[in-house]
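Data block below; observations after.
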Amino acid sequence: MAIIRSLSGTMPFSDRSLLAGIMKIRQEVFEAISRIAKERIMIIDGAMGTMLQREHLQEADFRADILKDHPKPLKGNNDILSLTRPDIVYKIHKLYLEAGADFIETNTFSGTAIAQADYQCEHLVHDINYRSAQIARKAADEIYEQTGVRRFVCGAIGPTNKTLSISPSVEHPEFRNITFQQLVKAYGEQARSLVEGGVDVLLVETVFDSANAKAALFAIRTLFEDDGIEEVPVFLSGTIVDLSGRTLSGQTGEAFLISTRQGRPVAVGLNCALGAKEMRPFIESIAMNTTALVLCYPNAGLPNALGGYDERPEDMAAALLSYASDGLVNIVGGCCGTTPDHIRAIAVAVKGVVPRKPPTSVYSGYMMLAGLEPFVIGAHTNFVNIGERCNVAGSRRFCNLIKKNKYEDAIGVARKQVENGAQILDINMDDGLLDGPSTMTKFLRLIASEPDIAKVPICVDSSNFEVLIAGLESCQGKCIVNSISLKEGEEVFLQKARLVKRYGAALVVMAFDEEGQATDTERKYKICERSYRLLIEEAAFDPCDIIFDPNILTIATGMEEHSEYGINFIEGTRLIKENLPGCFVSGGVSNFSFSFRGIEPVREAMHSVFLYHAIKAGMDMGIVNAGALPLYTDIRPDLLKLCEDLLWNKDSNATEKMLALAHDLVSGSKKPQTECDSWRQESVEKRLEYALVKGIDSHIVEDTEEARQDTSKYPRPLNVIEQPLMAGMAIVGDLFGSGKMFLPQVIKSARVMKKAVAHLIPFMDKEREENLKNKITVSNESPYQGTFVIATVKGDVHDIGKNIVAVVLGCNNFRVIDLGVMTPCEKIIKTAIDEKADFIGCSGLITPSLDEMVHVAREMQRAGLSIPLLIGGATTSKTHTAVKIAPRYSGPVIHCLDASKTVVACSSLCDPKTRDEFLADIAEEYEEVRIEHYESMKERRFMSLKAARSRALKLDFTHFQPVEPTFLGRKAFKKFDLNLVVPFIDWKPFFDVWQLRGKYPNRSYPRIFNDDNVGAEARRVFDDAQVTLRRLIDKEELKASAVISFFECCAYGDDILIFDHETRQHTATLFGLRQQCDKEYDQPCMCLSDFVAPGDHSNPTDYIGAFACTAGIGSRELCNALEKDRFDDYSSIMVKALADRLSEAMAEYLHMQVRRELWGYSLDEDLGTADLLSIKYKGIRPAPGYPSQPDHTEKMTLWRLLDVENLTGIKLTESFAMEPAASICGLYFAHPQSQYFAVGKIDKDQVEDYALRKKESVQSIEHWLAPILGYDVGK
């Protein structure tokens, strides 16, 4: 049984133990597949249709004697050949088995009554499937007898020619030409016949619609669990229709996996539609997201112009070998266009390669749901909003729309819910005047045609179980069923639960039993505990698919017994979460405030207060009106107090008081929210605080001046800074530190603070002059926590991260002295001494900056400093800081990931109570890091450079004809139109700059806008960015330029020789580094030169391109003006972030132009922006200083070859950073098998060889390549 469990992954052990008593399980097959799959990669056969076409069969072959009088033509009905020409089918099976196939598929791809109806052959379905299974069984058993190698027969179950998720009529999106139950019947008939005929496995394949697959899996589970059919392993294979990574019905691969887990497939994967090269990223995703075996059998490449397939066996085998070598697959083979020759080549290629080891669990402890996209709920997610407005019982407007048949407007309600943040949609059609099942079906079919709605999972909500089933049969994703309960007893409860499980849904269970609804805490818990045990022990439910609703009941009804309903729910939730592991808690939030229906401000406030406490107790999700929940902290105090009193039953008169307040709210005598300008009526201190917290600068100068003039409170201008302004910034710091405020808001607050201080500076200067003149001494005690000197180190021009740290430190009451970019070590140290600094912070983005930071540490030691040195920047790491920097300086050295970590470190160091313990923890941690580092170096194994070169990636250049570019030499773009690149902007790194990181599944753009925590702020910053972007481009505040060049070249060992296109003489060398870390299974050790045809100094054999581009011309001047003249760090960081995004987009755009036109090696490319950003095109553009060639000094060669500085204005610093910072350079490789890779660590023999080739000293090479050295130069 343990073997079966490890294969199924999604089926708990107890489930099979439970079913073993009532089911017959062909356990020997499960065990055999499990055993072999652990030992080696298994092989599935190739295309049956391709081989049948080679037989040139005629109509007579499809008829024979048994169908000679059939009324319809049968040619093309390949499945019928198992009856009319079994000899040919048998021969093809034998050919695949002899080629090395472990699994052969029966000739039954179209073996359902639905597919056979096209030929009027529905009556032959049993015979077709039964006979096909027997033919394959005979062939497999004969080969087994001959070779002693076990072979398996897969009963092929195709998708049919119908789809449950897509209407065949554009005019009627709700129409379907098939039902779920019709598919269940057809699939059940086919599966039964296949098992009776002797197949070892049922293979549900080429799934283009998960709803169809769910019907097939439902039918199969019914056969096994209800009909007594012997259980065999189930394989499941989807098909991704194009490079978007989605099925025909719109689901992502991960959503497809989640939606079909209930089938408990032993193997899951993809087949058809794509070739092996194109399928790889989608197989990678599946391999990461399943505990089952991974199955992959692609087509023989993409179809040619005539619909045929041209990929040669050796090419396909090489592609699948890469899958195998990278541990992605357990079973491989071929689909359309493949032949026994392909299968033979694949079998030979993967022989001896260790198979993928499936993970023991995926998302253990998480609830997995899906619409078109996956939605995973667990420890990483915040409270989940289930949109409530698509409920005819709860929304009068929605009900009226449905009853009036205004479905388009009703769809708009659903869309608005999603736009407002609903992560799941609750759909309820319970109304006495509606036909619940048909109305539910129609509405769900309609939203299935709206991808922006269908992306989220559905919660099918009804008190009528028939309606729930109708909903489940209309959704291709994994739904929630809301709800069932014990009110009809355990037997009915379990019958419904098992059926819901077979449909593959999660389940809401109400706290309701035979005695009625639970209202007190104890009964709520006891009913849920009893339900939990039944579901786990009797129905084999995954605890993570169980959601309890302990009944949110209405309070403030005037009845005393209702007063503690809120408390009872919260305490019941706490007990459930503490004692019933794995389950989730939900509830219908609007019930809580039903006494105040029609008074929305009161209801919304009550919901917010209720959720504030319920979530703390463990409530995971709730049915709410997404977008209509005020922040707990924004509720006006009198309303908040009454809500709290009602919830906790603190005041027996709270209901009457709330009714009085509600009357005021409705009559308009009071507003539920503070009027927009009411803060202007507060004291000047409160106004300053409000302006700082909200980032409002419209009144800051006048308010600061008002405070300054109040000399009784603030005798000196400095006192205004020390007291009200610092008090406001302290609140900002606290809010940021507690996660209640986000970085863009903090930076806006800093802008307000700077404007206030700027107003006071002239008065402070005047005071200082008068004091000197009158010889008056005043206290100069600093109001700050400490002084922080911060700089981007010498040779580096990147400063976005540094500027953010400076702003956040300022908001946390630190005096920050920002020395800018390209800062020499001497200036950093001198400034720290002169300003009596408490901290030094060094930042850098490029790898040479790491060595400069080591230099700063050494010089700080030599200068006798002892203040903390903080290290940050994209290229830095805790390991490098601990191993390379900290040992050079006796003072504290601390690596800080981001601004918030820097504040924590500085605050801890400033507090005498925490400083010693903090430093002791850092010292202990870094010592452990150093020990682990040096131990890992002992364990690290390198090949000799000679051995690594012998394992170079060997591409076949004998049959490769390189495409000649449209020109050789340079092409400059001195006035580049940035409007062209805006559509190519990748926005995710933009949000990373602002430290706005959504949680799964809202990490990427535009999903980040749906994130409960950062979504609203992300939208605000994005909107600001759009305005700024238009201004920067329209007013040409940012300018762009670029240069591209193509050269003749050849590979010469690890280097690439460049030739002058006029003289054809060798004119430059691009030096390469090769992977050298020891690898298993004969994986290649790659170098960039592997992607270029080999030659010598007199023989160019190939072409290469190079480029440099920038969209940052003018950014430094603009940002300096914003920072120094307008005190506007927010706008400055915005400009720099957008310049970076535009430069990256420009590189993407230019590369596209190179592929399609300028070089023209991919003329037929037609990729969307998402695919471009996902690098789904041919060719690569690696950059010097990055993983494929980590040597920044190689930029010098590019600058000389392309005349970069003259043609674009981009300069190189002494550390080979580019100025402007928003600049990119790199090479273009066109070979279709070129790929990105990381050189990784290298050993000393390669360093010495590299130095010899470059004619430089080993010490110089070690300096520039320090981050990738596999040995310690200092030891």
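Cβ coordinates come from backbone N, Cα and C, glycine included.
What TrEMBL annotates here:
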DOMAIN    30-350  domain 'Hcy-binding'
BINDING   Cys272, Cys335, Cys336  Zn(2+) binding site
DOMAIN    383-644  domain 'Pterin-binding'
DOMAIN    675-772  domain 'B12-binding N-terminal'
BINDING   Glu722, Gly795, Asp796, Val797, His798, Asp799, Ser843, Thr847, Ala899  methylcob(III)alamin binding site
DOMAIN    785-920  domain 'B12-binding'
DOMAIN    936-1274  domain 'AdoMet activation'
BINDING   Asp986, Arg1181, Tyr1236, Phe1237  S-adenosyl-L-methionine binding site
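Recorded features from TrEMBL, shown on the structure.
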| residue | record | DSSP (3 states) |
| --- | --- | --- |
| Cys336 | Zn(2+) binding site | coil |
| Glu722 | methylcob(III)alamin binding site | helix |
| Asp796 | methylcob(III)alamin binding site | coil |
| Ser843 | methylcob(III)alamin binding site | strand |
| Ala899 | methylcob(III)alamin binding site | helix |
| Asp986 | S-adenosyl-L-methionine binding site | coil |
| Arg1181 | S-adenosyl-L-methionine binding site | coil |
| Tyr1236 | S-adenosyl-L-methionine binding site | coil |
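Take the mean position of the Cβ atoms of Cys272, Cys335, Cys336, the recorded Zn(2+) site; other residues of that chain with a Cβ within 8 Å of it are Ala47, Thr206, Thr239, Asn271, Ala273, Tyr297, Pro298, Asn299, Gly334, Gly337, Thr338.
Look at Cys272 (Zn(2+) binding site): DSSP puts it in a strand.
Here His798 (methylcob(III)alamin binding site) is positioned 19 angstrom away from Asp986 (S-adenosyl-L-methionine binding site), judged by their C-alpha atoms. Ranking the binding-site residues Cys272, Cys335, Ala899 by how many Cβ atoms sit within 10 Å of each one's Cβ puts Cys335 at the top. All protein chains considered, the CB of Asp986 (S-adenosyl-L-methionine binding site) has 17 other CB atoms within 10 Å. Of Glu722, His798, Ser843, Tyr1236, all annotated as binding-site residues, the residue with the shortest Cα distance to Cys335 (Zn(2+) binding site) is Tyr1236. Neighbour count (other Cβ atoms within 10 Å of the Cβ, all protein chains): 29 for Ser843 (methylcob(III)alamin binding site).
Take Glu722, Gly795, Asp796, Val797, His798, Asp799, Ser843, Thr847, Ala899, the residues named in the record as contacts for methylcob(III)alamin: the widest Cα to Cα gap among them comes to 41 Å. When the C-alpha distances from Cys336 (Zn(2+) binding site) to the binding-site residues His798, Arg1181, Tyr1236 are tabulated, the minimum falls on Tyr1236. Put simply, Cys272 (Zn(2+) binding site) is 50 Å from Ser843 (methylcob(III)alamin binding site) when counted between their Cα atoms. The average pLDDT for the domain 'Pterin-binding' (383-644) in the predicted structure is 93. Of all Cβ atoms in the protein chains displayed, 18 besides its own lie within 10 Å of the Cβ of Phe1237 (S-adenosyl-L-methionine binding site). According to DSSP, the domain 'B12-binding' (785-920) comprises 66 helix, 26 strand, 44 coil. Here the binding-site residues are Cys336, Arg1181, Tyr1236; the one with the fewest Cβ atoms within 10 Å of its Cβ is Tyr1236. Take the Cα of Asp796 (methylcob(III)alamin binding site) and measure to each of the binding-site residues Cys272, Arg1181, Tyr1236, Phe1237: the nearest one is Arg1181. In space, Phe1237 is the closest of the binding-site residues His798, Ala899, Arg1181, Phe1237 to Cys272 (Zn(2+) binding site), judged by Cα positions. Among the binding-site residues listed (Glu722, His798, Ala899), His798 has its Cα nearest to the Cα of Phe1237 (S-adenosyl-L-methionine binding site). Distance noted between the C-alpha atoms of Tyr1236 (S-adenosyl-L-methionine binding site) and His798 (methylcob(III)alamin binding site) is 25 Å.
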